[in-house]
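Beneath this line is the structure, given in structure tokens, with notes to follow.
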Amino acid sequence: MLSRQRIPRILASRTSLAHSIRSFTSTTSSIRPVAAAGQHAVTRPRHERPTNLSSFSTYTALGKKNDKGFFDNSIEPLSEEERKANVEHAEAEAKEAESKQAKSKSSTSDAPPPAPEDGKAGAAGGSSAGSGSGADGGSGDGGKRGRKPGDKALAKPVVPEIYPQVMAIPIAKRPLFPGFYKAITIKDPNVAAAITEMIKRGQPYVGAFLFKDENADDDVIRNRDDVYDVGVFAQITSAFPMNNQNGEGASLTAILYPHRRIKLSELIPPGSPEAASIDGAKEGAAPEPVPEPIPKVTDESEQKGDVVASFEESAVTPRPEPSQKPYEPTSFLKKYPVSLVNVENLTEEPYDPKSQVIRAVTNEIVNVFKEVASMNSLFRDQISTFSMSQSTGNVMAEPAKLADFAAAVSAGEPAELQEVLSSLNVEERMHKALLVLKKEHVNAQLQSKITKDVEQKITKRQREYWLMEQMKGIRRELGIESDGKDKLVEKFKELADKLAMPEAVRKVFDDELNKLAHLEPAASEFNVTRNYLDWLTNIPWGQSSAENFDILNAVKVLDEDHYGLKDVKDRILEFIAVGKLRGTVEGKILCFVGPPGVGKTSIGKSIARALGRQYYRFSVGGLTDVAEIKGHRRTYVGALPGRVIQALKKCKTENPLILIDEIDKIGRGYQGDPSSALLELLDPEQNGSFLDHYLDVPVDLSKVLFVCTANLTDTIPRPLLDRMEVIRLSGYVADEKMAIAEKYLAPQAQEMAGLKGVDVQLTKDAIEELNKSYCRESGVRNLKKKIEQVYRKSALKIVQDLGEQALPESEALTEEGKAAQEETEKKKSEEAASGETSSPKAATEASEKETTEKPRVAMKIPEGVHVVINKDNLKDYVGPPIFTSDRLYDVTPPGVTMGLAWTSMGGAAMYVESILQSALTSKSAPSLEITGNLKTVMKESSAIAYSYAKAVMAKDFPKNRFFDKAKIHVHVPEGAVQKDGPSAGITMTTSLLSLALDTPIDPQIAMTGELTLTGKVLRIGGLREKTVAARRAGCKMVVFPEDNMSDWLELPENVKEGIEGRPVRWYSEVFDLIFPKLDREKANKSRIIEDDKSEKEESKKKNDDDE
């Protein structure tokens, strides 16, 4: 190693070639990093610049035109005298370092000349590889001391062969290989400052070592185990600052040129005792060379460069030799918190260039390169550049360099690339490089296949587009006008682009659109295909309405539209709460079951408004055609999709609320069973891919909320009923109907009658009378009709009382209406003047025109008009009462019992009457006759009741042989109404026992429950409706099965008010409730008339008549 004092002897003045070297350097000094991963290249002269750059630059340092060495470190060989001087001074310097610095392991290098203010300096101990020619890439002109003035030879500074201590920079992702540039980014400001000072001092040498962790990102080596111990000795050819993407701070980008392999022997991390113990005064003791300014030649390429620090030749005049201690080149780095390392050079193991294995591996690498180059143009450029840099022209002569090149251009794993760098055995290195290159070959094959597939698709589309453009041009030249088909095709394309069609649907759409483009508009198939595409593009694929999961808003909306219906409202609120927690909701299938007029259909619309969904309703009552649900086949003329697809088209969303009304009245015919078609539609597990016969593509209905309505569940097929969540809506009681009438029905009817703001009062007692005497059903539909009738009658009376003068017909018409009336009268007068008899068709058209609505002015009612409708004058508006009372008997005779029934109209009181058809004699025979339009179940109930009543009499009243001789007739009034259901058992039994015991029943007791032969009372349904009917009939007690106790407890208090509920388990309990004061001795006496006694009475009567 040469000390600074010896520099003038080695670097002689080369003034004769100063201008030529300076001119050459100016064209190559501006170095720019290549924005790509991996190895990076710098700007080259135009004649040596490749046509394309790859992600891994293969630019090696270029020597002179006639240079025969590969990666040669000099432009011109040194003289024998200079070479001997170098060796002598190196030996002297080594001895001085060993004696004076026993603790320090780092050696000193040549002192650099001072850097000028613009960041450019001539290198004394080394040169910049990026700014000149040759492997070192730069040239420097030392001082003229020690060289004769007449010596004009120019010697290029040599890269130090021994540089024991350098600053270490960790590298991420992939290692550096000797001879191949790489750009790195320094984010640590301390490291960036150290690099800047190194460049200014002319010591731009660092050690680059690969991180073991791929995700590591640091500019300082904290621990020796964090990096691999084999790296490269690299020269910083240029460096320039860059702003970060976030605009905060700045980083330094440096271009490194690796020269040789080195091994890390010792790490001196920042802040270590060894680094702190070194006296910083050594740096200050170093003599500062004074630069001799030289005129600089600036060309266009240099002006465009953005290099902050580069290396050019410059003349340096050193100061006189000082008497201080020898200069240490890296001592100035001790003040920076950077990592320093002691390194040793690694040399390749000797090998036989003629080895058959090496030659075979070399040939294989060359063959793989050829194959990769044929598939990847970037590799082709890299190989071309590598070949140009090899002046020998024979890759066999440099197998080690070929292995490094193979690893440098391959995108292998960091560990695999590090193994190539760490291998000093050439044969082993080539094997590992071949493995990495083979993997790159596989990647290139896959990339080539993908590229070909993409190109084929693009080429096909481009060809189709080119042909279509040609066809349009031919039509335009021939003057053939477009038939509108092209516009239609473009319209369908635009509509489809706005939709998120599934892949299967998109394929069908493309096929049909292609078919449409090739069909003639006059063809019948053209209209079929056009209609199909129109439906396909009107389905809201991927479009959903924003749902409202606000609980308070839902409560407000539901309460505004409906009174009561607590169960339904709670279920909807549960649905909204689940959607709020999950962020989304799936489609559900709800079925509202209840009597007519309770709000089943209208509640569906309120639910849609509360959820913010679109609403669609269709009825399936009496539906017999499956095509109404699943659509028609396209082969039929006038084919249409099913009602569900029509609902999606109308609502324009995938998540509407669809109300299927009257699902219990669906029919069945020769065209199929619609209820079976609904199985797929209303199954959450299947409707995600609902297949309509017309569309013939799967449609997702899983987001649709289906709501069905029915009066009864008996007629709904069981598989279909199982798919729905049934919510029962019971009938309204009198109090609820009163509230509904006051809050909803009366204001609506008043507004519809044109009496809004007019003092027309419908009193509370009038509404009660309507409920009691006119509208006894469980719903409010008839009540609504009666209230509307009341307000219509009121409007008629008001208009009649005010008279025609309040608003004459001439003043009622607006200007528009008057013009229409004048036109009509003019036409009539013209027809009359012509005397032509108008035809029936003309008369019809004239009448139609006359009946056309004409704009009119609304009549204003004076404020003094007051109308009051109360209980007394109610019949003047709605007529006489329809019902007098539910109670047929104020006092029931023996054999008459009040039962309770549950029908589609709600609950009703049902009497059971039993009479004795003839006198009880010893000769009479027992019999039972049943009337009242009873169906099978009630007939069986009557038979069971008759048998059980006979058993009770035989057991408890054996002497009363009533059923042995009695001819009994049992009747249920209102025979025009069919009656069926298992809930009249105890009522019939009680009626028969009342007749047998000749004891009347309390008329304020009603009962319901089915009976077994052993006397067990079974559970029934519709207890709420039946309780409402009992209350309406004025009952005070309701007897019901004990199994229905939970239903009784759920009844609102206003329903149970004034009624005592008595649950029973056995009929014996019913008997004790019905006959609490029965005289058992009297009841146990026989009521049969003996035959001899009757004969004596008859003969005596006959004799009396004869006398």
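Positions of Cβ are set from backbone N, Cα and C atoms, glycine also.
The active site feature in Swiss-Prot is assigned to SER983 (among others). The Cβ of SER983 (active site) has 29 neighbouring Cβ atoms from other residues within 10 Å, across all protein chains displayed.
If you look up Swiss-Prot, you'll see LYS1026 (among others) marked as active site, on the strength of sequence analysis. Within 10 Å of the C-beta of LYS1026 (active site) there are 27 other C-beta atoms, taking all protein chains into account. In the three-state DSSP classification, LYS1026 (active site) falls within a helix.
Under the heading compositional bias 'Polar residues', Swiss-Prot lists 51-60.
Annotation comment: Swiss-Prot describes 80-101 (among others) as compositional bias 'Basic and acidic residues'.
Here Swiss-Prot flags 122-141 as compositional bias 'Gly residues'.
The compositional bias 'Basic and acidic residues' annotation in Swiss-Prot covers 142-152 (among others).
The feature compositional bias 'Basic and acidic residues' is assigned by Swiss-Prot to 815-831 (among others).
The compositional bias 'Low complexity' annotation in Swiss-Prot covers 832-845.
Feature annotation from Swiss-Prot assigns compositional bias 'Basic and acidic residues' to 846-856 (among others).
Per Swiss-Prot, domain 'Lon N-terminal' is recorded for 166-441.
Positions annotated as domain 'Lon proteolytic' by Swiss-Prot, on the basis of sequence analysis: 891-1077.
Feature annotation from Swiss-Prot assigns transit peptide to 1-31; the stated evidence is sequence analysis.
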Cα distance (Å, whole number) from SER983 (active site) to LYS1026 (active site): 11
Per-region confidence, the domain 'Lon N-terminal' (166-441) (mean pLDDT, whole number): 73
